[in-house]
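Visitor: Here's a structure for you.
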Amino acid sequence: MNPVPTITLNDGNTIPQLGFGVFQIEPKDTARAVGEALDIGYRHIDTAEMYGNEKEVGEAVRASGLDRGDVFVTSKLNNSFHEPGDAREAFDRTLSELGFDYVDLFLIHWPLPTLYDGDYVSTWKTLEEFKGDGRARSIGVSNFQVEHLERLAAETETVPAVNQIEVHPYLANDAVRGYGREHGIATEAWSPIAQGGVLEDPTITRIAEKADKTPAQAVLRWHVQRGDIVFPKSVTPSRMKENFELFDFELDPDDMGAITALDRGEDGRTGPNPDTFAYVPG
Ligand SMILES: NC(=O)C1=CN([C@@H]2O[C@H](COP(=O)(O)OP(=O)(O)OC[C@H]3O[C@@H](n4cnc5c(N)ncnc54)[C@H](OP(=O)(O)O)[C@@H]3O)[C@@H](O)[C@H]2O)C=CC1
Ligand SMILES: O=C(O)C(=O)[C@@H](O)[C@H](O)C(=O)CO
């Protein structure tokens, strides 16, 4: 039996709590990496138009021999395509690249509040169309701050199923997570091990040693016990396997608290700040 628990989203669909992320995996390496992840047991892949490897993700899912319905695939609307007409074309291209007739989850990748007159609301209403016609089973957002979520709640009909945000021991991001918890929005924690940046922290190495696990496993288990969805990235088969083995141990409340206490607030952020991030690919 697959050990990964599922989380029920606010629209009734379910998502495996542990997945496999493919940011910074070269297209030429993606089909192999995703194929290995599926062999290990991962059933949830997180890609994006921005990553340039949707096509290879789709190829790997087909080559695995698994039923399409057994693999949860997320993709995201790139920053160039927030205008509704552009979003429709971009979504068509995403489905065509993946070679699928639906995605399990489609996200607005960044809110871009300083661009497009701050109008992520009409972008969100366009994603509602994709949910309505069944080509996106669930829809959500990524990198949305509380203020952005409040605006969607005030001006649209659909509460995002997920908000995919940067979360790891150095950036607990608890205000955004708390808003999600109160409003039925599942948190997906991106860069869950801060791209390796938290693995030598003495608190984490101590807790890992005590549990007879690796630092990455201790950190990923911390996320799981906080109830967040994670999808660590690795191109290294032994690490992909290690990151999958999270469900045969538990961190006690003291260890959970000690990891949570590593939070550095905004200083812990490794990626862009969503309030100011304004990159639009050419
Ligand atoms: N929505 C958004 O804006 C964003 C979304 N994401 C999503 O989140 C996913 C995960 O985040 P990501 O930024 O990739 O970073 P992660 O926190 O998953 O870290 C990935 C890095 O850690 C290394 N690594 C993985 N496992 C281990 C291990 N067990 N021990 C030691 N090192 C390890 C990998 O090396 P190697 O590959 O060489 O093994 C890689 O360098 C992305 O792939 C993407 O899907 C990420 C950033 C932004
Ligand atoms: O990986 C993602 O999903 C991202 O959005 C990041 O690449 C992000 O755009 C970034 O790291 C920019 O420097």
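Even glycines carry a Cβ here, placed using N, Cα and C.
These figures come from a predicted structure and were not determined experimentally.
Per TrEMBL, the feature active site, proton donor maps to Y51. According to TrEMBL, the substrate binding site annotation covers H109. Marked as domain 'NADP-dependent oxidoreductase' by TrEMBL: 24-263. Feature annotation from TrEMBL assigns site 'Lowers pKa of active site Tyr' to K76.
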Visitor: Within 10 Å of each Cβ, count the other Cβ atoms, then let me know which of the recorded positions K76, H109 comes out lowest.
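Guide: Ranked by other Cβ atoms within 10 Å, the recorded positions K76, H109 bottom out at H109.
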Visitor: Could you tell me the mean pLDDT over the domain 'NADP-dependent oxidoreductase' (24-263), as a whole number?
Guide: 98
Visitor: For K76 (site 'Lowers pKa of active site Tyr') and H109 (substrate binding site), determine the Cα separation and express it in whole Å.
Guide: 5
Visitor: H109 (substrate binding site) to Y51 (active site, proton donor): how many Å between their Cα atoms?
Guide: 11
Visitor: Report the same-chain neighbours of Y51 (active site, proton donor): residues 6+ apart in sequence with Cβ closer than 8 Å to its Cβ, ordered by sequence.
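Guide: Correct list: V22, F23, Q24, I25.
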